Amino acid sequence: MKHLQFITHATDRYTDLDEVRMALQGGCRWIQLRMKGATDDEVLSVGREAVRLCHHQHATLILDDRVALCPLIGADGVHLGRRDMPVAEARKILGPHAIIGATVNTVEDLCRAVDEGADYAGCGPFRFTTTKEHLAPLLGLDGYRHLVAARKKLSVRLPLIAIGGITRDDIPVILSTGVDGVAMSGCIVRAATPVEEMHKICKTINPTL
Ligand SMILES: Cc1ncc(COP(=O)(O)OP(=O)(O)O)c(N)n1
Ligand SMILES: Cc1ncsc1CCOP(=O)(O)O
Ligand SMILES: [Mg+2]
């Protein structure tokens, strides 16, 4: 089964919690709460409700960046970038069952994610996106082929999740590179009907479900 992670990105139209509800209604079962610029108090309040909504649907909720808040909201894990807390340090705080994702742009990042015990790698950006500032170099399809080959050489099973500017039409060709799933935000929250779009994306990723 291929993976789909939805990443919240509050807009004028939708709050983070609106987006969590819509993603769940559309069938997504892996959500990242990403509240850049929010205070810890805001993340605590929204995060507790997001976890409640997700767990009610047997979905997984991971929090972006803020390791210390994960136990306080009951998150299933955290996503950490190259300038965030190292994965190994987060593991000591969150324990062996936490799902810890690491951002990967290069083979060097991949090796570090493996060494530090990450559970998956968010590999991007695939293409330009306005959802994140200060983007690393774009990977494109060749970048994914390169990371898949490097993973094979390392003989490890770390799931690779493509991210960055991905739309529904991109999914088949991205998955054909050998990555294990995709993470998406903007193309869902900007869709005319996000719940329907999410439903179509779920079907595209796992047509037999
Ligand atoms: C699945 C996934 N992959 C990559 C990222 C980016 O994380 P990071 O590099 O720490 O940047 P911010 O998201 O914190 O701005 C991610 N969040 N999720
Ligand atoms: C968080 C993040 N990290 C790399 S690209 C990106 C944004 C993903 O959102 P979108 O699907 O809207 O490009
Ligand atoms: Mg980060």
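Placement of Cβ uses the backbone N, Cα and C atoms for every residue, glycine included.
Look at TrEMBL and you will find 5-187 tagged as domain 'Thiamine phosphate synthase/TenI'.
All chains included, 18 other C-beta atoms sit within 10 angstroms of the C-beta of ASP64 (4-amino-2-methyl-5-(diphosphooxymethyl)pyrimidine binding site). In the three-state DSSP scheme, ASP64 (4-amino-2-methyl-5-(diphosphooxymethyl)pyrimidine binding site) falls into the strand class. What TrEMBL lists as 4-amino-2-methyl-5-(diphosphooxymethyl)pyrimidine binding site is GLN32, LEU33, ARG34, MET35, LYS36, ASP64, THR103, LYS132.
The feature Mg(2+) binding site is assigned by TrEMBL to ASP65, ASP84. According to DSSP, ASP84 (Mg(2+) binding site) sits in a coil region rather than a helix or strand. ASP84 (Mg(2+) binding site) is surrounded by 17 other CB atoms, counting those within 10 A of its CB over all protein chains shown.
Filtering LEU33, MET35, THR103 by Cβ distance to ligand 1 (under 6 A) retains the following binding-site residues: THR103. Selection of the binding-site residues LEU33, MET35, ASP84, THR103, LYS132 by a Cβ distance under 6 Å from ligand 2 yields, in sequence order, LYS132.
According to its DSSP assignment, GLN32 (4-amino-2-methyl-5-(diphosphooxymethyl)pyrimidine binding site) is in a strand. For the recorded site, LYS132 (4-amino-2-methyl-5-(diphosphooxymethyl)pyrimidine binding site), the DSSP three-state label reads coil. Looking just at the domain 'Thiamine phosphate synthase/TenI' (5-187), the mean pLDDT is 98.
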